[in-house]
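Data first, discussion second: the structure below is written as structure tokens.
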Amino acid sequence: MARASTESSVSDPVRKILHADCDCFYAAVEIRDDPSLQGVPLAIGGSADRRGVIATCNYPARKFGVHSAMPTARALRLCPQLKVISPDFDKYREVSRQIQTIFHELTPLVEPLSLDEAYLDVTQVSRFQGSATWMARWLKEEALARTGIVISVGAAPNKFLAKIASDWDKPDGLFVIPPERTESFITDLPVKKLHGVGPATAAKLDALGIASCRDLRIQPLDRLLDQFGKFGRRLHELAHGIDDRPVNVSRERKSVSVETTYDHDLPHLAGCHQALAPLIEKLHDRLARHGDPAIAKQFVKVRFNDFASTTQETGATGIIHARFHELLESAWHRGERPVRLLGVGVRLMPEPDHHQLGLFDDLDAPSTRLP
Ligand SMILES: [Mg+2]
């Protein structure tokens, strides 16, 4: 095994990927600006009487079982003293911009995932004698010094391991998985830590007696393909530490959506209408994580039990619940069959070009804030 990894490091350049993730980002910004909130169970989210959900909460709140995407009303039942603050996205975007600037001082190869999270490819960085550990430490120090925000950083030879590493000793984490240790690290990893393994897949793996990557690795690929379709190959690769996804700099998010495949088909339109509310709630949460970007359209996706799919969309500048129901109505009438999957989403307004923003920055324009 050791021999194989030595060989690969000779033939292929081993990548160095960092994943940086702010700890409880929105909550951390609010605590920074109001230190009296320190140590108090705190959540950022919508208010309970408007069926809001929690976007972020701090660790004292997590001790009560509060977590993101939870309805605020439920969070308050779990933790009656919970302080709920409504989000100030302008402020979070500004802090995010400052942190992204630090990332870009290290490398131009930055892929933001949301306001508080990014991948960095530092393979070619020669500063810090090329040490990913040193770079990670520098990012943490600079972020804290310039913004007052704590970030956790993971370093590894690929994206999925870097992301696991940043989470490994959060909060205020710095965890490095060097190439020679990936083999042993992955072997003991629970499968539910793998990228793309949600609760349903984890349960299915568990039922097959597969709990760790060690269990997964001894499965014949054929069996995984049989059980999980195309994702079986992905599972096989991840269990062997293979993840060739590049850090994608030009990634531009064009839409945000959530969807659910139901265990049992929804037989009638009425059931579909009922199923929309939790989806819309999740969509609100996902948009909040992306800093509530400007919306151009909203859409509904329906997949019937014969696997025919249809999408119905309409122009919108914000989320209008009644409109999702109208869209569902017309999409459903295209098939009038039991439904196996429902999705709701929004298409976003195109973002201004970042390079142009950079130019304006140089000209010291009074405001480069996005509209
Ligand atoms: Mg975070």
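Glycine residues also receive a Cβ, built from the backbone N, Cα and C atoms like all the rest.
Annotated features, as they stand in TrEMBL:
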{"type": "ACT_SITE", "residues": "GLU117", "note": "active site"}
{"type": "BINDING", "residues": "ASP21, ASP116", "note": "Mg(2+) binding site"}
{"type": "DOMAIN", "residues": "17-198", "note": "domain 'UmuC'"}
{"type": "SITE", "residues": "TYR26", "note": "site 'Substrate discrimination'"}
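Feature map: annotations from TrEMBL on the structure.
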residue: ASP21; record: Mg(2+) binding site; CB count, 10 Å: 19
residue: TYR26; record: site 'Substrate discrimination'; CB count, 10 Å: 30
residue: ASP116; record: Mg(2+) binding site; CB count, 10 Å: 25
residue: GLU117; record: active site; CB count, 10 Å: 20
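Taking a Cβ cut-off of under 6 Å from any atom of ligand 1, the recorded positions ASP21, TYR26, ASP116 reduce to ASP21, ASP116. Mean pLDDT across the domain 'UmuC' (17-198) comes to 94 in this model. For the recorded site, TYR26 (site 'Substrate discrimination'), the DSSP three-state label reads helix.
When secondary structure is read from DSSP and collapsed to three states, ASP21 (Mg(2+) binding site) falls in the strand class. Between the CA atoms of ASP21 (Mg(2+) binding site) and the residue listed as 'active site' there is a gap of 4 Å, rounded to the nearest whole number.
DSSP assigns ASP116 (Mg(2+) binding site) to coil in the three-state reduction, placing it in neither a helix nor a strand.
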